[in-house]
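*Asks:* If you scroll down you'll find the structure; I have some questions about it.
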């Protein structure tokens, strides 16, 4: 595939001539000028460490700057994995991987792609949460853009300071609600950095096309405000008009600098801002909120896949949520949309199959006046119910979903109540990180005597009960957003539509095989993630074309093959 085709496909502009060359064709390692000698070894995009060949060492003035041995990329990978496994503390693995990314980009991504199941919990949840908490202490080099209140009125200039011009995906946070850890202010940068490394490793989006951004409007976290190593603004969070103006300037500047087709992914904003930003900008920008839409899409995929084990259609089931924030209401809405799509019935009818419990109890009609706007559609007619256990007994759900951000809420009594009502209760304890999960896999399987179908947000080990080995599902957004983003990019979509999220869910559910079901799995293994992402990208792109939202015309004949051909490869290139 030549470089021109790739650019038309929405891949990053072919700055280095890499796409115009086949994998076995040599290229020249351009930076601003031809990189050579010491500067080549200090450029993470082109550095190959001890893998530079004898000819390359002669051609690029590297002779004597490296020890005489020449190692293959595979041997480098083997050595690094050996070294990583020596670390007992996950945060040490995280910092070692971040150092590698700063030193040798291709080797970092090769490591991540080839060892995805082992390294995903290190670069993403749960370890990334600890990394954000300690980001000030482990901060070495900036890995994205920091836009603070100091930059008000100058945001477009700040964007122009970023060295890459062909950016296609921005992941942005304001750090107010990092995982289940709360307000981490400027230190939330670990989240956009982690998400974008997954865009590349799992979705094949070129690293140069990814831009992590943290918007710093202050923090209400007293501990950080008093921490001498805190890297952000030392002030209380800006709110109201001041906040809205900064965000509006940011959104306007992004579109001005990168054009209509830049995908902006909102990440870990607090509820009130998350819903507001999504509704305000979804009609004018290509925006996606991973906490609302990504979580919803991955959970819906698990629900669709689980029907093979539970029986019936989605409309036959009753859903009870603990947690009525971004994740809970986002998932609930997508479930109702999917039932509408399958049955043709109005969405208002289908919302009645979904019940939510928040900190004050079951969301019911009599509470409507005091509810936040995003909770109101879920206030159904029912007498007030205070506790989750009483809600389970009253609603008799077939599916229990936790998005509360508070650990240990699915108690023995709650899980046993689910087991008494259902032959195979589906229990999804989705809060991150692991410490915040509503219950563990072991608890779910033990308390239901091995009858539960279980999925969580953070990973749990396989568990043996009564001679049977269970593989807990992980409803990880990393299944969805990299493939979703790739689909948006290759189609040149200009807006995100709910039907594209449904297409992503259906594509993921379709990847679960009989072999997986036998182990109680409702998600395919992460080892196949690039294949899964290509299939999701193809379905999302197809839907964008169908809805008339795609701008890369004509539509490729085989979208799966096309998606695969657009994916970044971390293999070393030969330099001439």
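Any Cβ shown, glycine's included, is placed from N, Cα and C.
The feature domain 'Malic enzyme N-terminal' is assigned by TrEMBL to 101-282. Annotation comment: TrEMBL describes 124 as active site, proton donor. Per TrEMBL, the feature (S)-malate binding site maps to 177, 432, 476. Taken from TrEMBL, the feature active site, proton acceptor applies to 195. If you look up TrEMBL, you'll see 267, 268, 291 marked as divalent metal cation binding site. Look at TrEMBL and you will find 292-545 tagged as domain 'Malic enzyme NAD-binding'.
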*Asks:* Show which residues of the chain containing residue 124 (active site, proton donor), separated from it by at least 6 in sequence, have their CB under 8 Å from its CB.
*Replies:* 194, 195, 198, 476, 478
*Asks:* Provide, as an integer number of angstrom, the distance between the C-alpha atoms of residue 432 ((S)-malate binding site) and residue 291 (divalent metal cation binding site).
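*Replies:* The Cα atom of residue 432 ((S)-malate binding site) is 12 Å away from the Cα atom of residue 291 (divalent metal cation binding site).
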*Asks:* Could you list the residues of the same chain, at least six apart in sequence, whose Cβ is under 8 A from the Cβ of residue 267 (divalent metal cation binding site)?
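*Replies:* Listed in sequence order: 171, 172, 173, 191, 192, 195, 289, 290, 291.
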*Asks:* Highest Cβ count within 10 Å among the binding-site residues 268, 291: which residue is it?
*Replies:* 268
*Asks:* Identify, in sequence order, the residues in the chain of residue 177 ((S)-malate binding site) that are 6 or more apart from it along the sequence and have a CB within less than 8 Å of its CB; answer 'none' if there are none.
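*Replies:* Sequence-distant Cβ neighbours: 183, 268, 269, 270, 271.
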*Asks:* Let me know how many other Cβ atoms fall within 10 Å of the Cβ of the residue listed as 'active site, proton acceptor'.
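*Replies:* So the Cβ neighbour count for the residue listed as 'active site, proton acceptor' comes to 27.
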*Asks:* How many other Cβ atoms sit within 10 Å of the Cβ of residue 476 ((S)-malate binding site)?
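*Replies:* For residue 476 ((S)-malate binding site), the 10 Å Cβ neighbour count is 26.
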